[in-house]
Each structure stands twice: as C-alpha cells, then as structure tokens.
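Novice: What TrEMBL lists as domain 'PAS' is 242-306. Under the heading domain 'PAC', TrEMBL lists 305-357. Residues annotated as domain 'GGDEF' in TrEMBL: 493-626. Among the features that TrEMBL reports, domain 'EAL' is placed at 635-889. Residues annotated as transmembrane segment in TrEMBL: 12-36, 43-67, 73-95, 107-124, 144-164, 207-226.
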Amino acid sequence: MIEQLLDPAYYAYSLFSVPTFLLAVALLFLGTFVWVREGGTRVSFSFFIMALAAGIWLFAFSGMYAATDKKVALLWAKGAYLGVPFIPSAVYFFAVTVLRITERRKIIVWIVSFLSLVFSFFALATDLLISDLHYYPWGYYPKYGALGLPFLAFFFGTMALSLYEFSAEFKKTGPGTHKLRVKSFMVGFGVASLGSIDYFAKYGVPIYPFGYLPIFVFFVIAVQTIRRYRLVDITPAFVADQIIATMADSLIVCDAEGKIRLVNPTACSILGYSRTELLGKPMASFLAAARAHRFGEALQGTVIRDEEAELHAKGGRRVDVSISVSHLRDRDHRAQGVVIIGRDIRERKRIEEELNFLAKFPAENPNPVLRISKEGMILYANRVAHSLLKLWDWKSGEPSPYFFRTEVSKVYRAGVNRELEVTVGSAIWSLMFNPVPEAGYVNVYGTEITERKRAEERLKHMVHYDALTNLPNRLLLTDRLNQALSRSRRHHQFVVVLFLDLDRFKMINDTLGHHYGDFLLKGVADRLVACVRSVDTVSRLGGDEFVVILDDISDTEMIPRMTQKILDAFSKPFNVHSVELFMTPSIGVSIYPNDGESAEELLKNADAAMYRAKEQGKNNCRFYSSEMHLNVMERLELETSLHHALERNEFVLYYQPVIDLREGRVVGMEALVRWEKPHSGMISPGKFIPLTEETGLIIPIAEWVLRTACAQNRSWQEAGLPPVKIAVNLSGRQFQQKDLLETITRTLEETGLSPDFLELELTESILMQKGDATIATLRGLNAMGVRISIDDFGTGYSSLSYLKRFPIDKLKIDQSFVSSVMADYNDAVIAKTVVTMAHGLGLKAIAEGVETAEQLAFLHSVGCDEAQGYFFSRPLPAEEAMKLLTEKFHC
C-alpha cells in the first residue's frame, strides 16, 4: 500500500489540494520562524506544536484531495489524524503557556494530551473514528463512525476551555500590553471557530470545507500579535538577555576560579566554539601565556582596561582582541568572578599592517609596485615588478622604459590618477598611476585582472551566442547583417539571407524528449557551418529556426547552388544516441537589395518565403516574391479575426456519423469544428487549426467544442433519439493542461451528459509525451468512464508498448491506409494488421475515410468494427445529422 501512496499514477492534479498544501507549508514555516525568532522559549515551542498539528492535517488533506484511488485517499485521511486530534490540546497548551498558568493547569494539559493520543490511535488503527470516505466535487473526504460525536465533543470542549482561559484573563487584567495581547488572541480564536464548518461534510452535508482559511487567519493574527506585542513583557531580565545576545563585542563571565559560566554569541563566533563547548572551561586556556598571567591578576582584583591580547581560537587560529575586565562582587563586596568584554581588532590590525606594508614598498608584496621620478627614472621596483615587467637588470637611477616614461609624464603633468591595462605574457594587469607632485615622483600599483577579463569575455559571449549550439544569436546576427549591408552598399554587392525551419522537429522533440532534440539541433548547426564559407554567418534564432547570411556575393547564380548544398547535407541521417533520425529543412531566401534594404525587412521576407516552402511540401527552397507579402498579410488578417471568432459565435460544429459494420446502425458522431467567417464563407480547418495552435487559442476553442458537442448529444438524448457516443478530438496542448480532468468533469456536469457517451480522440504523438503524466491523465479519464480512441494510428512514431500500458478503447485506422486498401497491397496488410492487433488486445478497430463500397467490403472482410466516411455521410450540421441517428445503413 505504501508503494501506491508514493506512486504518481494514483494521483491527478486537483485545484482543491493546492491551497491546503500551500497553507500547510506556510504554517510549518510560521511555526518554525516564531520558534527560532523567540529563541526557543516555552511559548514559542507551544506555538510551533500548534502549527505542526495543523500543518500535518492540511498536508494530509492535500494528498487526499489529489488521490484518484479510494484506498490511497483513505490512507491520507487517516494520516491527517496524526495532527487533527492534537490541535485542541496544542491550542490549550499554547493558551496556558501564553497566560503563564501552565503549572496550575498541568493536570488538564496532560488529560487533553492523552485524549488526543487516544483519538489519534483509534483513527489510525480502527474504523471507529473514520469509517469510510465521502466523494464530493472537491475529492474524497472522511466519513465519521461511532467515535465521531465523542471526538467532536472533545474537540470543541477543549477549544471552548482555551477560549474561557483567555476570557478570564482578559477580565481580570488591567490596561496594558498583556491585555491587548490576550484580546488579540481572543479575536483569533473567534475567527478560527469558523473552521468548524469542515465537520458538516464528514456527516454527508456537501459543504466545501474551507475551514483551513479561518485557521490560517488565526495563525496570521497570532504571528501579528507576537510581532507587535511579543510573547513576553519587557522586564529588566529580558532587556539584559537581549543586550547580551546582540552585543557586537564578546562577553565572557567567569567564576572566582576562572571557569567560564556565561558567553554571548559574539564570543562563540570569535573563538569558533559552541556555547556548550566553552561553558566550564578555564578562561586561561584560551589566552597566550603572558596574558594568562595577567588574567590571574584580574581574578585577584586588578582592573584591566582596553589591553590588547591574543586569544587561542578553534583550529589553532590566533585572534587579536582588546579586552576590559571588571569584577562581580556579592553584598559583602567579596569577589565572585569577573566580566570580560573583548573587542575584535583583527580588521584594525590588518589595516595598520597593510598601511605599513604599502608605506615601505616591501619586496614581498604580491603585486607589482614601482616608484618612478618625474624625469622617468626608476626609483624602486619590487620583485614582482622585476619579474613581470622584465626589470631584472634595472637599478635605482636607471631610466624607465619608453612606455612608463610617457605615461608618467602625462600623469605627473595632469596631477590626477590614471589606470591602464597591459598584457604581459598570458596575464593581464591593471596599472594605477598615482602622482605625488610634492615629492616629485609617481607611484605605480599593479593588480592582475586576468580572471576578471576572462569573465567579461565569457559574459560577452553569453550575450551574443546561443548557449546550445554556440552559434551567433539574434542580437549578433542583426549586428553582422547590418555590417554586411553597409559593405554591400559601398561595394555594390548582394547580401543573401537564408531562413531555415526544421520540418517535423516538434514531433521528434515531443516524442523522444528534449535531450534528443538538443543533440539534433547541435548536429544541424555543425552541418550548416560546414556548408558555408568562413565569411558567412550561421545563426540560431531559437527553437528550430536558423538563419544563414551569405556575405560578399557578386553573382546571384551561386545562391541556388548554396541552397542545394544545404538540402543535400540534410539528406543523410543524423545519429542521435545510436538512433538514426532524418531531418529536412524548409528554406526561405531574400536578397539585398531586391527584397529589402534593412536587416529587419530581409529577415521578415525570408521568413515569409520559408512559410511558402513549408506550404508547398517542405524539404525545399523558395525565393521571396511580392506575392508572398500579400499571403503574409492575409495570414495576419486571418489571425486577427481568429482572436474574435469565438466571442462572435462564428464557430459551428458539424457531425459525421460512425457506423457499426455488423448492425449497420449509427453508434457515434464525431464533432468537427468549422469556421463561418463573415464575408469570407467557410474557412478550411487546415488553414485555421494550425493558427490556433501557434496563438494558443486552441485551448478556449477546444473547450467550446467539448462543451457544445456534449450539450448537443444530451439534447438528442432528451429528444428521445437513440443514445450514441460523441467523439471529440483533443490537441496535444489541450491534453497537457493540468486542469484537463476538472474541465471535462465540469463540462459533463454542466451539460448533463453521462461520461459513457463521451469519446476522446488522441494522436500517437500526444501519448508519447511525458509518460507518467500521460498515464495518470488517461487513468483519470478511464476512472470517469470516458472512452479513449487513438486517432491516425500507425502514421506517427509508434511504440506498441503503450497499447499495453495505457487504458485505450479503440484504434482508428488512418484514412491514408483506408483509401489505398484496394490498390496497395502494403496498405491492405497494414489495415488488416491493425484490426487483428486491436482485437487481440481487447480493443475495437474503426476505419475513417471510407468512400467506396469496395473499401467497405474489405473492412467487413477483415472484421473491422466501425467505420465513417463520405460513403455513409459527409459531416453535417446538427439538425441534419440528427436525422441519421434513426437510419440503418446497408453494410
């Protein structure tokens, strides 16, 4: 059962599980935050326990809502009672802790805690508390058994007791922070009481359990109260603790024997030890021998003020501090210990040493340091300067090289600092010239910046090159194209832009995965680079789009040769992880100055020519023409109209009957969308469906098709017509929507159509995407009772293993096979094989595109179950299709 609990196949995306999961995480964060922020006090711990109990409840319920299997949902429901029974006891513990009456209420705390444990045990180990599950629109929900009413009495009784404690405290407390704090918590409890609405659903009342919202509001109010009024009153002890904990200086308190009894966080940080490691240790063990003796004097009564000392930190480190020691005395003024305040002076010491270091120009300086007189004579050069700048033989008083003499002269006259970059061997150095006019020389300080410059080059490369293929990206492409145009204008030559788009790349990428797609794109980039000259540019715009710039072209006759060379290069397969893949390009060509004079215009026109190449069969090349501009404008106008078509009710559904070949009756209707565009008539689906995919409009249109088709089928049934299945095509993008199951459930509920009469058609390529997610979605649909049909079977990248893994009902033989069964032996064998394989797997086989009696006879002979096509009827409007529901066809 644990395996099922962790198996994604037993879950589906649920909108109702999202808020409970997020609030569970938020509550655990709030509880932990308050616990840490308040320093682990008893009050903050009780708040954390309260948040933990509520968090367990909400987390388990989020799993229960998302579960598609009842047994898995029941595990989550019972798991929630690791937290639910402890909520009232945690609330009461929090209340008495905040009110500082824990000791007086200790027995009650133990009793309610024990009862929480008892109810949790019965929920987990028996069916007395949770006997079963209800199923509501938001998912599975617990059903209470015999112990339900006793548990509710315990739950609300304990909550009422907590509220009573706060109420009593409020009445007897005078004005002040504590009264405001208690009042705020009472308001929070009032809001939290609204959460009791959750228990109605446990007894079959279908009210959505939004109790997590008031519970979360209560926690927000609690956190706000803690932030505003704190969980403790400001007392001298509290202030002292806060000062000690936040001091920038280290504080160590030792007893009369010199053993450490108290340390603050700063002291722990400086020494590198935890508080536990330091307590009880002799302070002298952390001091150098001389200072240990001085510390002994301090224990005898000597006062120490701001003396420098060296502490022995963890790992053998030495820490320079400035310490002051004062004494702790009892009422009789006898010494009881000392207080040591230490200030970390490592940074100050470092700066002092660095100033002395630079002032003396030591030879050990890792950077080159020179001093050059205003006349250009080298007064000083350290060893690094000698080594890197070839100054081994230089001596004081010798003239500096010409480079330095020139720069020193400029800097000295200007009287301002100047920074230069020089390359010495493989290293790059930044030299800062600092004039000292009053002394008559210039100091030169060097810093190696090799890594910084390399990082800058890497960043520059990232900005201008595609990360996957290392080709120039759009930014660099535009720059190079503009440069090429400038040269061509001066020399009266041509510039050619080739716009390439890979055919069927999306199918391969979706089917085999992005890893294969990326590897394929790299191979394409390598072949394109191998096809062109060194002066040309190959660029990747993104996705599967590439652009080639042919520069310095004096004869346009070489352009067809170049495009053919590219097409020929793609004729060989690409070997991707031992899989041979064939990939073809569609190429559009634009030429400067014939087809445009700007980079933007040439790219746009080459893109238009590429689309024409795709329309004319792919794997070819087309040159731009003015006619293509009109086609592009027509396409843009069509796209604009498409955005308004749905709201203007321009879409209609046509229905094509599906015939049972054994009985000759209509057993289904396939819903096919059509676009009746005003002033243009009926628009072919082949024109507007691809546009809906590109623009993202496929989702709202597909939902409209689903809702309209279901409503129409329900209408036919209410009219007394024979009930049939309605088949609706799902696009790949629609299938990947996380709320697909919810959308279909909502549509069926709104239209009143039973799931048994809905059939969804998917292509093979959709099924091959995201295997685990696909299985979960299909199982969800199957659990609802919706039928699944595989459309165009055998035309895509087929993997027969999915026929066993996925809950499929039908295989649909593609029209391309059906149309040729009488003329092509291979197509006839394929069609027969699909029917045989479907029956062997317990599936039905349906043929589409049946147009002749001969095709029908063949399908009858191989045992095909169902068929559709023009032989029976073309797609018809709903009114005409309705008449076919009572007809009987001769098969």
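Glycine is no exception: its Cβ is also placed from the backbone N, Cα and C atoms.
What's the neighbourhood like for these features in this structure?
Specialist: Broken down by DSSP into helix, strand and coil, the domain 'GGDEF' (493-626) contains 56 helix, 43 strand, 35 coil.
With a threshold of 8 Å between CB atoms, the same-chain residues lying at least 6 positions outside the transmembrane segment (12-36) that come near it are 44-45, 47-52, 54-59, 61-66, 68, 138-139, 212, 215-216, 219, 223, 226, 738-739, 741-742, 776-777, 779-780.
For the transmembrane segment (43-67), the list of distant contacts is 10-14, 16-18, 20-21, 23-25, 27-28, 30-32, 34-35, 37, 73, 76-77, 79-80, 82-84, 86-87, 90-91, 93-94, 97-98, 138-141, 212, 215, 219, 222, 226, 231-232: same-chain residues at least six beyond its ends, Cβ to Cβ under 8 Å.
Long-range contacts of the transmembrane segment (144-164) within its own chain (CB-CB distance under 8 A, at least 6 residues past either end) are made by residues 85, 87-89, 91-92, 94-95, 108, 112, 115, 119, 122, 127-132, 186, 189, 192-193, 196, 199, 202-203.
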Novice: With DSSP as the yardstick, break the domain 'PAC' (305-357) down into helix, strand and coil residue counts.
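Specialist: Helix, strand, coil within the domain 'PAC' (305-357): 15 helix, 30 strand, 8 coil.
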Novice: Which residues of the same chain, at least 6 past either end of the transmembrane segment (107-124), have a Cβ under 8 Å from a Cβ in it?
Specialist: 78-79, 81-82, 84-86, 88-89, 92-93, 96, 130, 147, 151, 154, 158, 161
Novice: By a Cβ-Cβ criterion of under 8 Å, what residues six or more beyond either terminus of the transmembrane segment (73-95) are in contact with it?
Specialist: 1, 5, 43, 46-47, 49-50, 52-57, 60-61, 63-64, 67, 102, 105, 108-109, 112-113, 115-117, 119-120, 123-124, 129-130, 132-133, 139-142, 151, 154-159, 161-162, 165-166, 185
